[in-house]
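Visitor: Got a structure for you, written out below as structure tokens; questions coming shortly.
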Amino acid sequence: MNKITAKEIAQHLLTIEAVELRPDQPFTWSSGIKSPIYCDNRKIIGQPAVRKQIVEAFCQYLTSKLSDIDVIAGTSTAGIPHAAFISQTLDMPMSYVRGSKKSHGKQNQIEGAQVAGQRVVVIEDLISTGGSSLEVVDALRAAGAEVVEVVAIFTYGMDRARATFSAQQVPLHTLCDLDTLLAVAEEAENITAKQKQLIEQFRDLY
């Protein structure tokens, strides 16, 4: 199969409205921030053709690194299905990381494959500020894992995220980014040049 490009992924995300652009009618994030863009990559799992392409793109990227990876770990909850599809395709052990420890049973935060002493790649659906992804990295490190990299579907490309990942010495790779998606949206006349600029200005605030 030919290499799946970031542009192709951007087209898929826009087509299934996993990413929506509304610079004139901003969305309200859970944090209260008014945003001209909203990303819900959970829509991918309901679209088999797109899902297959996303999983293939992940696997194409990871295949050259398999000798340095022992476990595929998904972030709870959005990263779990993608980690499952990837680990199945690559025939690798999988685990997932909860946002916090369970309050009952063994009170595990990490489920599935053992991660102590293992080289782990974290699968995430979206990178905004990067805070939640790095909480997963911290949990894995505390459990004795070596986190090789975080790989995500999409990033807003915020400076805050780049700085945070750099400070924690965690490599980050994304299949698609905001700049690519905006270029695709403008080319398809989904947004105007002015609207594209407004979204870029919003991103640059963070």
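Using the three backbone atoms N, Cα and C, a Cβ is placed for every residue, glycine included.
Reproduced below are the annotations present in TrEMBL:
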BINDING   ARG98, LYS102, HIS104, GLU124, ASP125, LEU126, ILE127, SER128, THR129, GLY130, GLY131, SER132  5-phospho-alpha-D-ribose 1-diphosphate binding site
BINDING   SER128  orotate binding site
DOMAIN    60-157  domain 'Phosphoribosyltransferase'
Visitor: Out of SER128, THR129, which of the binding-site residues has the smallest number of neighbouring Cβ atoms within 10 Å?
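Guide: Per-residue Cβ counts within 10 Å for the binding-site residues SER128, THR129 bottom out at THR129.
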Visitor: Please work out which residue of ASP125, GLY131 has the most C-beta neighbours within 10 angstroms of its C-beta, and give that one of the binding-site residues.
Guide: ASP125
Visitor: What count of other C-beta atoms do you get within 10 angstroms of the C-beta of ARG98 (5-phospho-alpha-D-ribose 1-diphosphate binding site), across all chains shown?
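Guide: Its Cβ shell of radius 10 Å holds 15 other Cβ atoms.
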Visitor: Please state whether DSSP places SER128 (orotate binding site) in a helix, a strand or coil.
Guide: coil
Visitor: Give me the long-range Cβ neighbours of ILE127 (5-phospho-alpha-D-ribose 1-diphosphate binding site): same chain, 6+ apart, Cβ under 8 Å, in sequence order.
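Guide: Those within reach of ILE127 (5-phospho-alpha-D-ribose 1-diphosphate binding site), by Cβ under 8 Å and sequence separation of 6 or more, are SER133, VAL150, ALA152, PHE154, THR155, TYR156, ALA161, LEU172, THR174.
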Visitor: Note the mean pLDDT of the domain 'Phosphoribosyltransferase' (60-157), expressed as a whole number.
Guide: 93
Visitor: Write out how many residues of the domain 'Phosphoribosyltransferase' (60-157) are helix, how many strand and how many coil, based on DSSP.
Guide: 31 helix, 31 strand, 36 coil
